[in-house]
Amino acid sequence: MKSNLTILSFGVISKKPSPHPKVGRFTAASLLAVLLLLEGGMFSSHSLPPALLEKVFQYIDLHQDEFVQTLKEWVAIESDSVQPVPRFRQELFRMMAVAADTLQRLGAHVTSVDMGSQQLPDGQSLPIPPVILAELGNDPTKGTVCFYGHLDVQPADQGNGWLTDPYVLTEVDGKLYGRGATDNKGPVLAWINAVSAFRALEQDLPVNIKFIIEGMEEAGSVALEELVEKEKNRFFSGVDYIVISDNLWISQRKPAITYGTRGNSYFMVEVKCRDQDFHSGTFGGILHEPMADLVALLGSLVDSSGHILVPGIYDEVAPLTEEEINTYKAIHLDLEEYRNSSRVEKFLFDTKEEILMHLWRYPSLSIHGIEGAFDEPGAKTVIPGQVIGKFSIRLVPHMNVSVVEKQVTRHLEDVFSKRNSSNKMVVSMTLGLHPWIANINDTQYLAAKRAIRTVFGTEPDMIRDGSTIPIAKMFQEIVHKSVVLIPLGAVDDGEHSQNEKINRWNYIEGTKLFAAFFLEMAQLH
């Protein structure tokens, strides 16, 4: 899969021969040198060495089958952190040991930090897999980039809708299916593969590189925040920039850079009459039924258009600017393709801009389930004596977790009081994570844009993520360094879902992207 690229008149990369006889054939590395010259200013005299980048890209192309084989070996390790059972914890420890060994063979100084044990609600205790802190290079004249990744995965069972064994990486039409392929083993390996290319070619790394790799992200990054706080003046003291690759593009073929994520406040509202259930024939019609109260409470939270009905909830949402609107207009999103890949008949909104804004820059409220209700097949004439409703609100700048908690609690108390119910209601917020947003004018955002332009021949979509990636906010607040999310996976990769995959093209071109990013960071630091 060797690259034969053509530079066209407007700086667009094409895989096809140019129809213009005066337009020469160039590698991606040559294109980058031209783009840097075109940008002028302080960067015009610092073009990247095209021969080096070409060598690195050729090496990656020639060794792509080896990179896929390594991903297959990593996917085969059932590093499920969600199910708290000893067998999976053993697999997690094995996964972290394999990763540590891989980094040591690259020449990295590796420390596996003992994270202690996790106490579970049922009283059992399970060991937490170690966090890997690794360092490659300590040249004070170079910038230092720290990569965060995780090697734990969501549960997967072939009998639950998978077309292949989730722990056997299977390639079908260029798609690499397997649990963890895109979330997050593939991107972690792409970064490692980029480093290995420079090592194999006996080239100095353009930047100092550090790794922080954990094995409990899918279970809430247990104890990680304490470690980051502890290491902020040691391991992180020399770090200039932090890179995360743990989300997806918004399209199937166009790359993206992510500069913001929503936060999350998760609520439970309990309505209780007594500990036991009731027979509806014996008690129906003479009780304030907890389920009826709960349905009324949940129904008061959001209307049919998705508008949250909690008073004051939108008060602190950042105002919409003209610049932001133009950002949404510039993003490539095929609504028909997006709707079809989502397998829904209709969205709440009809335009690309409205959909993106309601995914990224406006809060949303989702109702997740009811605990204590009868949900088995068949008919059971029971009145639940106690039920718990579960819902969450995705937060956006500049919403505050504690303020939202008070607004939601006050609203539910007002609605409940109007029902004159004799039942007891308790509202609790079990999770509160703030939104994250970055400055897209930071150095590493410029470097990432240029690297994408080189490898993919296009400007990236500048996107936010509607989900929550707590580690980004954690790094920004504790370490006080610029954080960028550079996703590699396509929108249809199905992270957390059945038949998760990463395209071979994304995996290999993503490895090139990280290699180009190293060189760009060296130029711009």
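Note: Cβ is positioned from N, Cα and C throughout, glycine not excepted.
Note: TrEMBL annotation is automatic and uncurated.
Annotation comment: TrEMBL describes His150, Asp183, Asp246 as Mn(2+) 2 binding site. Taken from TrEMBL, the feature active site applies to Asp152. If you look up TrEMBL, you'll see Asp183, Glu218, His496 marked as Mn(2+) 1 binding site. Annotation source TrEMBL lists active site, proton acceptor at Glu217. Summarising the annotation, TrEMBL assigns domain 'Peptidase M20 dimerisation' to 268-417. The feature site 'Important for catalytic activity' is assigned by TrEMBL to His279.
Of all the Cβ atoms in the protein chains shown, 26 others lie within 10 Å of the Cβ of His150 (Mn(2+) 2 binding site).
For Asp246 (Mn(2+) 2 binding site) paired with the residue listed as 'active site, proton acceptor', the C-alpha to C-alpha distance reads 10 Å. Counting only same-chain residues six or more apart in sequence, the Cβ atoms lying under 8 angstroms from the Cβ of Asp183 (Mn(2+) 2 binding site) belong to Val153, Gln154, Asp246, Gly489, Asp493, Glu495, His496, Glu500. The distance from the Cα of His279 (site 'Important for catalytic activity') to the Cα of His150 (Mn(2+) 2 binding site) comes to 49 Å.
Each residue in the domain 'Peptidase M20 dimerisation' (268-417) gets a DSSP state, and the totals come to 57 helix, 29 strand, 64 coil. Of the listed recorded positions, namely Glu217, Glu218, the sparsest CB environment within 10 A is found at Glu218. The Mn(2+) 1 site is defined by Asp183, Glu218, His496, and by the 8 Å test on Cβ atoms against their centroid, the other residues of the chain that qualify are Val153, Gln154, Gly180, Asn184, Glu217, Glu495. In the structure shown, the C-beta of His496 has more C-beta neighbours within 10 angstroms than that of any other entry among the recorded positions His279, His496. Other residues of the chain with a Cβ within 8 Å of the Cβ centroid of His150, Asp183, Asp246, the Mn(2+) 2 site, are Gly149, Asn184, Pro187, Val188, Glu217, Glu218, Ser245, Glu495. The Cβ of the residue listed as 'active site' lies under 8 Å from the Cβ of Ser79, Asp80, Ser81, Leu92, Met95, Pro129, Glu214, Gly215, Met216, Glu217, Glu218, Ala219, each on the same chain and at least six residues away in sequence.
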